[in-house]
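**Student:** I have a structure here, written as structure tokens, and I will follow up with some questions on it.
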Amino acid sequence: MLTADDKKILAQLWEKVAGHQDEFGNEALERMFVTYPQTKTYFPHFDLHPGSEQVRSHGKKVAAALSNAVKSIDNLSQALSELSNLHAYNLRVDPANFKLLSQCFQVVLAVHLGKDYTPEMHAAFDKFLSAVAAVLAEKYR
């Protein structure tokens, strides 16, 4: 459960991410494909090479969804409902993969933000990503 402090910290973090979110989304996906190659199976029609336009485009979508989730933090289920339906019913993505992408996004933020990515931000963002993953997995039940 995200506290009021967590939400405040997330807003501060997302201000730092603004302007870089597309780049960070792309890098998180590229990192996931290298670190967890089994995730590539969900993208058989993509060129998965680093710098691929398809990966960049999907990274942009991931970042936009996270940005929307940050803005709609008090109503994640409604904000992510369409995305949850898409991943559960159409794409049939194993929900365990949401955690893998979350880990990769955490690494990207740590690399790019350095000391500005405080332990408090890391903890709040981890809780947030867990909440997002839980909402995305709701339709699987």
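Positions of Cβ are set from backbone N, Cα and C atoms, glycine also.
Annotations per Swiss-Prot:
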BINDING   HIS58, HIS87  heme b binding site
DOMAIN    1-141  domain 'Globin'
**Student:** Within the chain of HIS58 (heme b binding site), which residues six or more apart in sequence place their C-beta under 8 angstroms from its C-beta?
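**Tutor:** Listed in sequence order, they are GLY25, LEU29, PHE43, PHE46.
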**Student:** Counting across all protein chains present, how many other Cβ atoms fall within 10 Å of the Cβ of HIS87 (heme b binding site)?
**Tutor:** 21
**Student:** Could you count the residues of the domain 'Globin' (1-141) that DSSP puts in helix, in strand and in coil?
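**Tutor:** So the counts come to 114 helix, 0 strand, 27 coil.
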**Student:** Could you give the mean pLDDT over the domain 'Globin' (1-141), rounded to a whole number?
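**Tutor:** Mean per-residue confidence for the domain 'Globin' (1-141): 93 out of 100.
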